[in-house]
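Here's the structure we're looking at; comments come further down.
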Amino acid sequence: MKAITLVGSTGSIGTQTLDIVTQYPDQFRIVGLAAGNNVEMLAAQIRQFRPKIAAICSEDKLPALKEAIIDLDPQPILLAGEAGVIEVARYGDAQTVVTGIVGCAGLLPTIAAIEAGKDIALANKETLIAGAPVVLPLVEKHGVKLLPADSEHSAIFQCLQGVPKSGLRKILLTASGGAFRDWDVERLADVTVADALKHPNWSMGRKITVDSATLMNKGLEVIEAHFLFGLDYDNIEIVIHPQSIIHSLIELQDTSVLAQLGWPDMRLPLLYALSWPDRIYTDWERLDLVKAGNLTFREPDHQKYPCMQLAYAVGKAGGSMPAVLNAANEQAVALFLDEKIRFLDIPRCIEWVCDRHQNDNRANPSLDDILAADKWARQEVLTATEKLETPSRIISLR
């Protein structure tokens, strides 16, 4: 039985991971849980899965959490704040830590888990995008496994099983196109938050659903794929695949193309990250190609999705620039969700901030450099919002 700690237990990734644990009680057990601020849900999870340790990031919610499980015996260790989440990530006998926290907030818990010798089921792409210069050397130093748990990188990882490293020629990341794949560019000026949250295929959290609408999600995945699989950016391609049945593809040196297919269900990549190298029988709906029907593909519209181009440029710039891109995107999306900026302001804010970082880009950033760049970028987005009257795009990193 594999012991698991789950960081980000009340979010979309967390609840789907716990669904897997519920279905396979002989395969997996929960050692630790950490969540953001949802006391009621975390308390219910503690009651059901009986972890040895749990943490809530919002320190003011700790008394309420203690009260909610006061009758439990034995009591788990209860912690709060960022330090508490980090302690959960490194705690005890967990073999694998699932990182389901949204955004760069997952970086420090992931580092703590790696340093404690835990394998990582990586569902938090921002950790690697911002922190790869620190995270990857630590993975090698401590001899842990870094297993992708999001659909696209899991698909690539699955396709690569048995393929020699020298055999990989190209990666093709599929994208649904998000909420606006069939909209004319001119309509994007009138996008509402409700519009952006209507993903056609996947059930995800609010932030990642907006990222899908801007295609920043796919741009970030390009950077993640570069770090995970070692390909140059010119050999990583995005293709729009509206049905979300093919989760990604690889092209080999002899022009053979391998793909991983399945219904759009995040539990599949999560289960594989937890069970690898084994395959566990499930009773989930099996893919019926006749039912799926036509599988279509098209090139992404670069005018509609400027965030995609930004991500490629930032990835090639390297250093601390990806941390700035990620933080600026998180801040801009948060402002959009709070209806403080418009949808089209998201890429403009990000581009403005990345441009201002070019002269300060650190080629080999330390953890302190990355955290400082993250903090700086979030503040700069607020400055950028004051300059949004300029009608044209502000800068070009290319």
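Counting begins at 1 with the first residue displayed.
Each residue, glycine too, has its Cβ placed from N, Cα and C.
Together with Asp150, Glu152, the Mn(2+) site in Swiss-Prot holds one more listed residue from Glu67, Glu82, Glu221, which is Glu221.
1-deoxy-D-xylulose 5-phosphate binding, as stated in Swiss-Prot, involves Lys125, Ser151, Glu152, Ser176, Ser212, Asn217, Lys218, Glu221; the candidate among His142, His199 given for that site is His199. Cross-referencing Gly177, Gly178, Gly205, Gly219 with the NADPH binding residues that Swiss-Prot gives (Thr10, Gly11, Ser12, Ile13, Gly36, Asn38, Asn124, Glu126) picks out Gly205. It is 22 Å from the Cα atom of Glu152 (1-deoxy-D-xylulose 5-phosphate binding site) to that of Thr10 (NADPH binding site). Of all residue pairs in Thr10, Gly11, Ser12, Ile13, Gly36, Asn38, Asn124, Glu126, Gly205, the annotated binders of NADPH, the farthest apart have Cα atoms separated by 22 Å. Of all the binding-site residues listed here (Asp150, Glu152, Glu221), the one with the fewest other CB atoms within 10 A of its own CB is Asp150. Cβ neighbours of Asn217 (1-deoxy-D-xylulose 5-phosphate binding site) (same chain, under 8 Å, six or more residues apart in sequence): Ala175, Gly178, Ile208, Asp211. Within 8 A of the CB centroid of the Mn(2+) site residues Asp150, Glu152, Glu221, the other residues of that chain are Lys125, Pro148, Ser151, His153, Ser154, Leu173, Asn217, Lys218, Glu224, Ala225, Ser248. Annotation note: Glu221 (1-deoxy-D-xylulose 5-phosphate binding site) sits in a helical segment as assigned by DSSP.
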